[in-house]
Structure formats: C-alpha cells, structure tokens
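According to Swiss-Prot, the active site, proton donor annotation covers 108, on the basis of sequence analysis. Residues annotated as substrate binding site in Swiss-Prot: 94, 110, 111, 112, 260, 261, 262. Per Swiss-Prot, divalent metal cation binding site is recorded for 98, 108, 147, 177. Annotation source Swiss-Prot lists region 'Important for dimerization' at 242-277. What Swiss-Prot lists as site 'Important for dimerization' is 177, and the listing cites sequence analysis.
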C-alpha cells in the first residue's frame with residue numbers, strides 16, 4: 001500500500017488540470033499552500049489553486065489536501081460503524097469549475113484515498129471519487145460526450161462499473177427536499193477496494209485523468225455562446241441548488257467541516273453568485289423548462 005505514490009499522482013493531476021484550464025481561460029490560478037498546526041485535531045497540509053473573474057471561469061478551484069486525524073468524524077463512519085475510533089489519513093484532489101457563460105456547464109470532480117488505522121488491526125483503505133456535470137442550459141450532445149468519456153475510462157476495469165457508478169451518481173447528487181437532480185450526473189464511487197490496492201488505485205487514476213477530455217471540449221465549445229441577463233439570472237437561480245446540495249448533503253463538505261478542515265479550501269466549491277426566488281417556475285416550453293423536463297430526470301446518455 002504505497003500512499004506516497006497516491007500523493008505524487010494527486011499533485012501531478014492538480015498541476016495538469018490547472019495548466020490546461022488556465023490555458024483555456026487565459027488567466028492564472030493563484031496557489032495557496034497551507035499547513036495545519038500540529039496542535040489542531042486535524043493535521044496535514046494542502047495546496048489550493050483558485051482562479052476567479054477569468055474570461056471563461058467566473059470561479060474555479062482545484063484543491064489538494066493530505067490530512068491525518070486521531071478519530072474519524074461522524075460523516076466518515078455513518079456507513080462504516082466498525083471504523084469508529086480509528087485514526088485516519090486522507091488525501092485527495094477536488095475541483096469545481098463555475099464558468100461565467102450560462103451555456104457552459106459547471107463541473108465537479110474528486111478523487112481520494114482513505115486509510116483508517118488502529119494499532120491492533122490491519123489498516124482499512126479505500127478509494128473514492130467521481131465527476132458530474134451541471135448544465136444550466138442543456139445540450140444532449142454535451143451530456144452524451146461527458147458520460148461516454150466516463151464510461152470509456154472505466155471499461156478496462158470491468159464493464160459493470162460504469163452503470164453501477166452512474167446509478168450511484170444519480171442517487172447521490174439528488175436534492176431530496178427539491179425532488180430533483182443537481183445536474184445530468186456522471187459517475188460516483190466510494191469505499192472502493194474490491195480490485196486490490198494497485199488496481200483500485202489505477203482505476204482512480206483513470207477517473208482523474210478523464211476530467212479534462214470529458215469537460216474541456218464542452219467548455220471550449222460553449223464559453224463564447226452569446227447570452228443576456230435572462231440566462232445569467234437563471235444560472236444564478238440554479239446555482240442556488242448547488243449551494244443547497246453542498247451544504248446539506250455533500251459528504252466531502254461535511255467531513256471537512258466536522259473534522260476541523262480548512263474552511264476556505266472546503267468552501268471553494270461554492271459558486272460566486274447564486275440567488276433564490278420564492279416558488280419560481282419556468283415558462284412552459286422555454287429553454288429553462290427544458291432543463292427540468294429533458295435533462296434533470298435520470299436517463300441513459302450512452
């Protein structure tokens with residue numbers, strides 16, 4: 001179990017993504033390297049890369065963190081009560097890109113490795129991650145391309161993984177109180193160890209490496225589409241759903257806040273502008289209504 005190899009991959013992934021997306025945007029990611037003091041309950045370090053007010057990205061962040069703690073927080077043991085009381089080591093890369101143009105979709109990706117340990121027992125390790133697409137104005141070809149890229153990334157590890165991880169994503173990124181999906185989904189997995197450490201690590205790398213080919217061509221095609229105030233207003237309204245999900249349901253956000261993580265880095269996923277309107281409904285037959293009828297309901301895209 002070579003966690004240093006995982007760390008090296010994650011740092012390289014962060015570099016590759018910020019370089020490629022910075023080239024698309026024309027802006028520069030600001031790098032914030034941080035360390036948690038050894039006196040805090042969560043120890044470790046990380047590197048947060050942020051681009052704000054760019055030509056393409058209104059806000060985008062790519063964060064790497066490598067942290068350790070003496071006790072797993074409740075969000076990490078909710079599905080694994082046998083791990084309560086163990087110390088842990090967690091490392092990962094998490095990103096969210098919020099484009100300025102409402103016709104360009106938001107994307108989220110995360111890959112992570114987790115080790116729970118106790119002196120009198122073998123360490124328990126697993127990988128998690130995935131990526132999902134959140135359009136404001138949907139294009140079937142974009143959703144199909146995104147899902148096709150996810151499917152191709154997973155195929156070498158078993159044809160059953162894509163449909164399984166897609167369903168997991170559809171179930172996970174669902175706002176129960178709104179009875180609607182956050183976007184058009186993608187793939188999601190957690191507590192994954194079934195292929196053994198090396199092969200599971202390889203699968204996680206395939207997911208991380210798929211982010212750029214999955215999202216970059218869509219952003220390149222959509223970021224210059226003409227738009228007006230109506231589209232920006234709808235984008236801000238739908239971004240409100242993103243905020244609701246991240247603060248109410250997202251396991252990564254809850255884990256970070258419950259374990260004493262770095263708040264600025266945890267909340268870098270938040271959109272720069274969002275709003276709420278009381279009981280707003282889209283006009284029937286409008287492009288805004290099409291998001292609800294044609295894109296948010298779960299469906300097979302490939």
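Just so it is clear, glycine is given a Cβ too, placed from its N, Cα and C backbone atoms.
In the three-state DSSP assignment, the secondary structure recorded for residue 98 (divalent metal cation binding site) is strand. This prediction places the mean pLDDT of the region 'Important for dimerization' (242-277) at 88. Around residue 147 (divalent metal cation binding site), a 10 Å sphere centred on its CB holds 23 further CB atoms from the protein chains shown. With a 10 A radius on its CB, residue 262 (substrate binding site) counts 22 other CB atoms from all the protein chains. Rounded to a whole number, the distance between the Cα atoms of residue 108 (active site, proton donor) and residue 262 (substrate binding site) is 19 Å.
In sequence order, 92, 93, 94, 95, 128, 129, 130, 131, 252 make up the list of same-chain residues 6 or more apart from residue 110 (substrate binding site) whose Cβ falls under 8 Å from its Cβ. Sorting the binding-site residues 98, 112 by the number of other Cβ atoms within 10 Å puts 98 first.
Residue 261 (substrate binding site) falls within neither a helix nor a strand when secondary structure is assigned with DSSP, and so counts as coil. Cα to Cα, residue 260 (substrate binding site) and residue 108 (active site, proton donor) are separated by 23 Å. Counting only same-chain residues at least 6 apart in sequence, those with a Cβ under 8 Å from the Cβ of residue 111 (substrate binding site) are 10, 13, 92, 93, 127, 128, 129, 204, 205, 207, 208. Here the C-alpha separation of residue 112 (substrate binding site) and residue 147 (divalent metal cation binding site) works out to 21 Å. With the fewest other Cβ atoms inside 10 Å of its Cβ, the least crowded of the recorded positions 108, 177, 260, 261 in this structure is 177. Counting Cβ atoms from all protein chains shown, residue 94 (substrate binding site) has 24 others lying within 10 Å of its own Cβ. Across the residues annotated as binding substrate (94, 110, 111, 112, 260, 261, 262), the two Cα atoms farthest apart lie 20 Å from each other. With respect to their backbone Cα atoms, the residue listed as 'active site, proton donor' and residue 98 (divalent metal cation binding site) stand 9 Å from each other.
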